[in-house]
Structure formats: C-alpha cells, structure tokens
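Novice: So TrEMBL lists these for the protein:
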TRANSMEM  12-35  transmembrane segment
TRANSMEM  42-61  transmembrane segment
TRANSMEM  89-110  transmembrane segment
TRANSMEM  158-180  transmembrane segment
TRANSMEM  192-215  transmembrane segment
TRANSMEM  292-315  transmembrane segment
DOMAIN    309-563  domain 'G-protein coupled receptors family 1 profile'
TRANSMEM  374-396  transmembrane segment
TRANSMEM  417-439  transmembrane segment
TRANSMEM  459-485  transmembrane segment
TRANSMEM  505-527  transmembrane segment
TRANSMEM  539-562  transmembrane segment
Amino acid sequence: MDSLTPTLLMCLLYIVLGTIAILANILNIFIFLINKEMRKKYVIFIALDVGELINGLSYVLTAIGRGSSLLDGTFGVPITVHECFFERYWVHSLIVGTELPALVTTAISIERILAVRRPIFYKRVATMKTRILILVVVTFIQLKLHKNSNGAKADHHLGLSLSVTGCSIVLVAMPSAVMMGLKWEWFVINDLGIGFCYATTGFLSVATTILNFIYRDEYRSQLKSVFRLNTKQKTKVENFVSPMPAFPKWKNKVAAGKGMYPVDMENQTGSENVTTVINVTTEFVFSDPRPTLIMCSMYMVLGITAILANILDITIFLTNNELRRRFMFFIALDVGELIDGLCYLLTSIGRGSGVLSGTFGIPISYHDCFFKRYWVHALIMGTELPALITIVISAERIIAVHKPKLYNRIVTTKTKIISLVVVGIIQLCFLAIAGISAYHNMEEANTRHCAIITSTATYFSTFHFSFVVGAYVVSFTSLLIIFIIHRKIQRNASNSYGNKKNPQLGFFLSVTGISIILVAMPSVVMIGIRWKWFAVNDIIVGLTYSTTGFLSIVNTINNFIFRDDYRAQFKSFLQLRFSSVKPKTLTVSVTKLPTGRIRPITVAQHSSTKSSGIHKVFVVTMKVKK
C-alpha cells in the first residue's frame, strides 16, 4: 500500500454517501408505511427500500471498519478470508445490501411480466398474502418467485423507467466488473478508484427517492401531508412565498483550509523555515497535491452543473412576459448563482493549473492574489450578490405581509429595477472595500490558493462569511414571520398579495432552515482557519463545500416541482403538448343595428340578418385556456 490517502478518501466518500442513502430510504419507508393504501400497493417497493437501507448501512460500516484499521495502523496487515468473514462486521451487510435489492428487483420484474402477459391471472393472485409470501421466498431462498403486486400497475413513465433501468445496469455493472477484475487479477487499481466505482449503487438508492418524489403523485401527496401541506387548493405562485432559491454556494470553498502543519516547499528558495510550523493566517495545508486536484475536480463538476441549472432557470423565466415581470428578483438571484457556478470553474482551472505547473506551492502576497489572479473577484461576487438579493426578497416578503396595501402601491417593475441597481452598487462597494484591504498588503500565503481569506484582510473576510450566513438567517426570519401570520389569518384570506395562501410554506421554511446549516458549514470552516481555531486540508474543505454546492441545483428542482407556471413554461419551451391544456374556442358575433343598438346574434343568423338592414357584423374568436 503505497499511500493511505486513497483509502482515507474512499472512507470519507462512503460515510457521506451512506448517510445520505440511509436518510433517503428511511424517508421512503416512512412515507409508504404511514398510508394504508400505499402500504398495500407498494409492499414490494418497501422491501426494496429496506434492502437499499441495508446497502447504505454497509457503506457506513465499511467506512468505519476500514477507517479505524487505517488509523490504528493495522490496515496493511494481511488477514485470511475466514477472518474477514467471521471476525469483521461489515462484510455481511455488503453482501445483503446488494443481493437483497437484486432479489427484490427480480420479483418486481416477474410481477410486471405477469401483469402484462397474464393480467386476469395477475389480478386473481396479486393479494397482500401472496406479496408477503414472495418476499419471504426472496429473503430466504434463491430466485424462485411467483406472482407479485404494485409495480404491475400501469406505468405512465414506462419510457423513462426503461431508460433509468438501462442506466442502472451500467452503474451496477461498474463495481461488479471492478471487483471481478481484481479477484481474477485482470488489473489493479487503488482504493480511490474502487470507492468511486462502488459508490454507484449508493447513488442509485438516492436517485430512487428523487424519482419517487418526481413521478409518484401519491408519494408527493403523502409527503406534503406529512409536512401539513394542503395540495388540494391551487394558488398562484407568489414572489414572497416561492420556493427558496439556492442562494450562495460559497465559492469561498476556494478558501481551501489553511493549516498549521509543516509544508513541503522543497522547490522553493529561501526555505529556511520549511521545518517550522507555519502561521495559519497565511498558510494552507499543502503537503500532497492529490487532495487539491480532487477538490478542483469536484469544483469543476459542481460548477458546470450549477451553470447549466441557472441558465435553464433564467431561460424559462425570460421567455415568458408574466414570469419575467413577477420573478424579476429571482432572475437576478439566478444570475448571481450563475456567477457563483462560474467561480467554481475559474477556481478549479486556476488552482489546478498551478498544481500541474509546479507553482502552486510558491508563496504569494495578498496583494498579488487579489490583483493578479482572476478567480478571487468571482468568489466574492458569487456569494455576496445572491446574499444581497436574498435580503431584498426577504424585505419584500415582510412588506407584503405587514403592509399589503403599501406593497401593492410601491412594489412595481420600476421599483424592482431600482432595487437591483442599488444591489449592484452595494456589491461594487463591497468589492472596492475588498480591494482596499488587499492593496499593498504584503502578507504572504504559503500556497497559491488565493482564497478570500488569503486575498483580503481579516476584517473583510470575516465580514464576508458572516454576511452570507446572515442573509439566510434573514430569509428564514421573513418566512417564519409569514408562516406565523399565515396561521393567524388562514380563515380570513383576502385579495392582498401578502395574505394569499401558499400550501408549500411549511416546506420552504424547513428547506431554508436546513440551508442555513449547509451555508454555515463553509463559513465556519473559513472563519475558523482565519482566526486560527483549526486547520484542515483541501479534501476536507472540498467535501464541506460540496453540500452547499448543490443548493443552486436544488433550487431548479424546487422550481420544477412547486411552480406550476414554471413547469408550464418549460413544457411550452420544449414544445410539448399535454392533454390537460386544451383550448376552448368561443365564437361571438356582434351586430350593429341601424338604430345604434347592439345585440348578439349567432353565426347561423348572419345571413338572415344581413338583408334586414344590418350593415356590419363582427365575428370574434377567443381561445380560453383552462
């Protein structure tokens, strides 16, 4: 074992993925079990979720077992196959966690075939008793199944399911091919490669939960009922209650952890301090380039995904006049998050090129970082601009609730544009203050991360990370105020903007509360590094920021799920025709009598009335959408 780094990274990946998979499957099982009809209908899918729950648990157990051996120095000690199976606790969950879902999947496949080929026979035998019997057979025997249930119902997303299953075959085949190749000595790869290949089955478990939410109407309804969301009443999407945007992604992530550890600077001149402990206010942990390269790869993927998601949002909003007017602030927010996604790419390219060219470990002053590197400004703007717009949206919400008449009078397209101009001016002021704090600041960082904390003065970087967290707190507070008032006036809904009912309010409140925690994580890490509370390396910083990097993507998903007008415009943009949107044609004929009186007549009467002195007939055709 040449290096322990790949194994450690694999353990960290398994911990994160296993935890997410466990939570996702617990959510699925909970939603299915609390509803009698769903419990009966999806009994086999509940069993599948149990199998995937065990699979998620196997990730966590494997990470703990291998990680503890790594830390106590016994990981490289040879061990027999007998001892591996009977004296280690994670092997059994690895086997059960993959074989049980495979067996249940086989049962579901047999059920589908029976339902299509023998529908009468299927309806006769597909009872709760036979479903439980099949699960018993699946659990305790091999692949001898009979008939089954729920999945055999008509699937309105059959093409999608077929595509997903095809992709799943490829993903599941990856760890199988790798493990078989290693066993038969066809090739050799390190633990990091194994970790990424083996993680595909865990991602499938998370993807199943997402697909349940998107394509199962009863699943969504049950989930919303758990959150006390009333889905029966459709209301217009209001600006102040619309799904919480994926605010700042904290590109500060760029600020990959500064450290107190000795740094390998063998290629540098003046290395008399190489063996001394470096000041955490100016030095990052950089003894191995691999964590930095992994961080750059992570930022590249997140950046591209976030850019595409925000471009989609902006396109959907801009291609409709009504959406463009109503969601002007959210368009601006998406622009800010687009800059945030761009800063991921710029940071990845800048740092990655420095590592590959061998200059990454050469010290650089704060002045040079700010004025001679191209990604610092995007890091600042990509987090502060969405934070500023978030505060504006929060202020709008509070005014709409407390002063609805004032809101209707002053909140116009013109005032929104003025607000955004003011936000832009404030952002330029913040950027100018950052530049002033870095101007002629000759304090040096030991590496060329050129993060916010190593490109600006301490007072500005502390303000920056505190400010972006504060924006989310303000957003949460505004939603909480609306939620409290909404509960009080629920029975007296008026026509004012602030008093309209939004069935997703509780859900958005929960999402915003969780977002505060996610956004606070990189801020705490960066402030802690700046103030010498602790030191971490690039891979830890990268993992920390990966949680907040998905916020922009989640915002797009929330738009699609909770905004009816967003979905409608998206479908229109793709030129999709849905039977639920059928135009009605209403023909009205208006005639002008010689006496000046106006009376309606039908088209059939037109010919007869023409000879009786009527000299003008207007036929108006109107298309009305449901």
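Here the Cβ of each residue, glycine as well, is placed from N, Cα and C on the backbone.
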Novice: Ranking 89-110, 292-315, 417-439, 459-485, 505-527 by Cβ pairs under 8 Å to the transmembrane segment (42-61), which is first?
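Specialist: Highest pair count goes to 89-110.
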Novice: For the domain 'G-protein coupled receptors family 1 profile' (309-563), provide the mean pLDDT of the predicted model.
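Specialist: That region's mean pLDDT is 84.
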Novice: How about long-range neighbours of the transmembrane segment (292-315): same chain, 6 or more residues beyond its ends, C-beta under 8 Å?
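Specialist: Result: 9, 249, 253, 256, 286, 330-331, 334-335, 337-338, 340-345, 347-349, 351-352, 355, 360, 538-539, 541-542, 545-546, 549-550, 552-553, 555-556, 559, 573.
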